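Participant: Have a look at the structure that comes next, please.
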């Protein structure tokens, strides 16, 4: 299995073969994680540092669990109490960490490009856990694995991505990945949240959700990212749900076996009807969480192999 990358900074750097290699390896970890003994030693002797400059629950927990199940020594750095809060630059922090000789750095940062900058200053492997509006590669990979397992393939599907696309690194990474795998993508949302430049990705853009959902195989809902908005993007949450919230009536326009996805955390009654989110016959939201651990285990193993081959 060939994977010739030192870091995982974005989906843009990956070929379709790279994507398939990660997903195929992740499949083996799905099986491992369902066993009573969920342990491997492929990262034994390696140190993983998780640096989250933005608050996170599920992503940080997923990376921590992935590292521990692979046998790594895992450390979570509290960025709220870090030297950066005292005025230290990101580059100084990177150089300080580099002097400690970690093997894997998992980084989330509110500014686009910050993780790439940090990766240029360290000797270890760096995994991007989300940077600003830029990318969230492991989320796109876990979404891809979820789709492949549910639909039996990851190509030539009609996939709708709905909601706050303007502020979403998840949308951008999924657009790139799903495009590389030759799927047909539709972007659905109000013009304020689906900028025209996203059509450059080869996607069809709809501001009418009912029209956009016709005959799709996958419906991927996105969270309204109010923390990245400065007002005026939507008239009200009630009006937004009426036009762009996923309910059973709107889902009825998709294919009968269409699956429902959401990267979380969800705003029930705003982006998606709560009972639909919990419907095990349509929703694969819990499967996405499960696939996240397996995908991150696979990505870290592939990067660790390259680390060891380089020494």
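In case you wondered, yes, glycine gets a Cβ from its N, Cα and C as well.
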Participant: Looking at Swiss-Prot, which one out of 34, 108, 238, 305 binds carbamoyl phosphate in the same site as 58, 59, 136, 139, 264, 265?
Facilitator: 108
Participant: Compute the centroid of the Cβ atoms of 58, 59, 108, 136, 139, 264, 265, then list the same-chain residues not in that set whose Cβ lies within 8 Å of it, in sequence order, for the carbamoyl phosphate site.
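Facilitator: Leaving out the recorded residues gives 56, 62, 129, 130, 170, 263.
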Participant: I'm trying to understand the geometry here, so how far is the Cα atom of residue 58 (carbamoyl phosphate binding site) from the Cα atom of residue 169 (L-aspartate binding site), in Å to the nearest whole number?
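Facilitator: About 16 Å separates the two Cα atoms.
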Participant: Using other CB atoms within 10 angstroms as the count, which residue among the binding-site residues 59, 139 scores least?
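Facilitator: Output over binding-site residues 59, 139: least Cβ neighbours within 10 Å is 59.
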Participant: List the Cα distance (Å, whole number) between residue 169 (L-aspartate binding site) and residue 136 (carbamoyl phosphate binding site).
Facilitator: 6
Participant: Around the C-beta of residue 169 (L-aspartate binding site), how many further C-beta atoms are within 10 angstroms, looking at every protein chain?
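Facilitator: Counting Cβ neighbours of residue 169 (L-aspartate binding site) within 10 Å gives 23.
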Participant: Same-chain residues six or more away whose CB lies under 8 A from the CB of residue 223 (L-aspartate binding site)?
Facilitator: 163, 164, 168, 262, 263, 264, 265, 266, 267, 271
